[in-house]
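> Per Swiss-Prot, the features are:
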COMPBIAS  1-12  compositional bias 'Basic and acidic residues'
COMPBIAS  56-73  compositional bias 'Low complexity'
COMPBIAS  124-134  compositional bias 'Basic residues'
REGION    1-30  region 'Disordered'
REGION    28-62  region 'BRCA2 repeat-like region'
REGION    56-136  region 'Disordered'
REGION    60-89  region 'Interaction with rad-51-DNA complexes'
REGION    371-389  region 'Required for ssDNA binding'
Amino acid sequence: MGDSSKKVKDSFDTISEPDSFDEPKGVPISMEPVFSTAAGIRIDVKQESIDKSKKMLNSDLKSKSSSKGGFSSPLVRKNNGSSAFVSPFRREGTSSTTTKRPASGGFEDFEAPPAKKSTSSSSKKSKKHSKKEKKKEFKEIHADVLRVSRIYEKDKFRIILQESSSTPLILATCSYNRGSDIKFGDRIHVDAEVCKKSSSGDVTEIYIDRVLKNKENGAKSGIRRHSIAKKPFCIKPRFIHELSDTKIKKTVVQVNLLDLNLDFYAGCSKCKHSLPEAANQCEFCKDSQGKSELSMYSRVRVMDFSGQMFINVTTKNMKKLLDLLGYEGFDNWFRFKDPQERQNYVFRPVMVEIEKSNDEWECTDVAEVDWKDFGSYLKHKEDKKKRRSKKKHP
């Protein structure tokens, strides 16, 4: 028993040595501040806390060597009957010394830059705001009317104007109520919003806000109706397959002639209905001034890359079409009906303006194709289609 008691006492003496706690004997505890590198976090440990912890541990161990109770943790100290945990990492004061370590691995103090805020949404809002606040430009314009076309699907009119012979053409848009009284050959004075200008600063596109004055047939003499085949297009050209949209009542298409059936008859010079040569008055229009004249009726089959269709052509526009094909004058019109003449017009390209009436398309104007303007329009249309596709499928 004496030997065992001596061994226990020697072991307690060994534990009581301050240098032997938690370290092999002879290895001193580092008194330098301890740093934890986990997740790049630095913890500054004050030397005062380490000294206090060391004294507390030594006193607990010495008191325990003479105590009969159970072994208590050296990190728990009794103070006035209550247990208090004393950490060697305790920091006094309210200031925090915990900071993130720089990416370079150094421990020097630094201030992290503030988080960057997304500027994409704010920039979009600022652009929209600037567009809304962009001051609209209004201008009073005096111009001749070179063409008027109704856009049924949008219930508005598109009008080609020209201020003078030396100025560029102006494409004007207006509501149905404002444009219903405007006709080809009028001279109008309007207050309009400027939509587009040329590189030289000339107005090229407007929206008519008010019609201040409309002088009927007041345009300068010698003006010609603007062609449906030239820019700016009063009605934008379409393809045949697009005409399945029932909202479209009037449009322009570039087609090739396939077949043409031409009939001559004596008709009223006013309403074009058939009229006997001996009649003094047309029973349809009741116009005593109506005279019997040679009239034509034709039904033409045409095509483009997207399909085929039939178009009815009245006398006025049939004469214009025959002139384009090289058949001028009364005698040549009759010769056109010969079967061998068909080779002169089959697959000939033309630009036609058509309007829907009683579920059939009727030609209201015809012109020779301007390939430069039409090609430029097709390129612009294709580019616009690609931009829309990119927005839908970025």
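Each residue, glycine too, has its Cβ placed from N, Cα and C.
Quick one: where do these features end up spatially?
Within the same chain, residues 229-231, 233, 236-237, 254, 351 sit at least 6 positions outside the region 'Required for ssDNA binding' (371-389) and bring their C-beta atoms closer than 8 Å to a C-beta of that stretch.
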> Write out how many residues of the region 'Required for ssDNA binding' (371-389) are helix, how many strand and how many coil, based on DSSP.
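Going through the region 'Required for ssDNA binding' (371-389) residue by residue, I get 19 helix, 0 strand, 0 coil.
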